[in-house]
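**Q** Dumping what Swiss-Prot says about this protein:
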BINDING   Lys12, Tyr159, Leu160, Glu161, Tyr162, Ser163, Gly164, Gly189, Gly209, Asn210  sn-glycerol 1-phosphate binding site
BINDING   Asp14, Ser40  Mg(2+) binding site
Amino acid sequence: MYDISGWKHVFKLDPNKELSDEHLEMICESGTDAVIVGGSDGVTIDNVLHMLVSIRRYAVPCVLEVSDVEAITPGFDFYYIPSVLNSRKVEWVTGVHHEALKEFGDIMDWDEIFMEGYCVLNPEAKVAQLTEAKCDLTEDDVIAYARLADKLLHLPIFYLEYSGTYGDVELVKNVKAELKQAKLYYGGGISNAEQAKEMAQYADTVVVGNIIYDDIKSALKTVKAVKGE
């Protein structure tokens with residue numbers, strides 16, 4: 001079993017986007033700590049299974065971030081369950097999770113499942129629009145969500161999601177200072193090694209996603225930048 005607490009860098013792959021076998025091999029053999037499979041729209045059991053089978057040719061740990069109950073399948077090392085703490089819709093905070101537990105609760109391996117407390121901060125992002133996230137937050141608001149995840153809900157992961165735009169480094173630093181047990185994940189807008197290294201100063205885990213599809217070479221350079229190898 002892998003220890004997610006030591007992961008510094010992960011790639012996130014969208015099953016609804018095209019990725020060549022060559023580029024997938026580069027990602028999986030890059031030295032990243034894990035590959036997360038997940039997306040906001042167009043996620044189906046078929047494209048999730050296709051991605052799973054492709055990644056399983058390699059030794060890298062593989063995580064399914066669950067956004068649709070219908071796309072859950074066995075075979076991943078871990079399952080991340082996002083709860084969008086700043087969503088205006090209860091279904092994205094606990095509703096979908098309740099449905100999943102009704103359907104799969106009896107067969108879940110709880111050692112493989114981790115809840116993520118998301119705070120979505122880019123109003124233009126698909127995930128913000130889908131979940132109706134309240135993104136016009138002050139730093140105090142964000143820190144309060146971090147405390148909620150860390151101290152009240154005791155979630156293992158607090159995820160600052162800027163999805164498509166580069167975030168506020170000072171805010172990431174201040175959020176990290178508040179967390180006692182939750183690991184801080186940062187995702188959003190990382191387009192080069194310098195940005196990845198900057199966020200890695202404060203985030204426990206840096207998530208690199210969109211740049212994979214735009215500039216694979218820059219994406220690969222983020223691994224060493226984050227892990228200092």
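Here the Cβ of each residue, glycine as well, is placed from N, Cα and C on the backbone.
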**Q** At the level of the C-alpha atoms, what whole-angstrom distance separates Ser40 (Mg(2+) binding site) and Gly209 (sn-glycerol 1-phosphate binding site)?
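**A** Distance between the two Cα atoms comes out at 13 Å.
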**Q** According to DSSP, which kind of secondary structure is Lys12 (sn-glycerol 1-phosphate binding site) found in, if we only use helix, strand and coil?
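**A** SS state of Lys12 (sn-glycerol 1-phosphate binding site) = strand.
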**Q** In Å, how large is the greatest distance between any two Cα atoms among Lys12, Tyr159, Leu160, Glu161, Tyr162, Ser163, Gly164, Gly189, Gly209, Asn210, the listed binders of sn-glycerol 1-phosphate?
**A** 17
**Q** Determine, to the nearest whole angstrom, how far the Cα atom of Gly164 (sn-glycerol 1-phosphate binding site) is from the Cα atom of Asp14 (Mg(2+) binding site).
**A** 13
**Q** Just to verify a number: CA distance, Asp14 (Mg(2+) binding site) to Gly209 (sn-glycerol 1-phosphate binding site), in angstrom, no decimals.
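**A** Computed Cα spacing between Asp14 (Mg(2+) binding site) and Gly209 (sn-glycerol 1-phosphate binding site) is 8 Å.
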**Q** CB neighbours of Leu160 (sn-glycerol 1-phosphate binding site) within 10 A?
**A** 27
**Q** So of Gly164, Gly209, which of the binding-site residues has the fewest other Cβ atoms within 10 Å around its own Cβ?
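**A** Looking at the binding-site residues Gly164, Gly209, the Cβ with the fewest others within 10 Å is that of Gly164.
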**Q** Taking the Cβ of Tyr162 (sn-glycerol 1-phosphate binding site) as the reference point, list residues of the same chain whose Cβ is under 8 angstroms away and which are at least six residues distant in sequence.
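**A** Those within reach of Tyr162 (sn-glycerol 1-phosphate binding site), by Cβ under 8 Å and sequence separation of 6 or more, are Leu121, Asn122, Ala125, Tyr186, Gly187, Gly188, Gly189.
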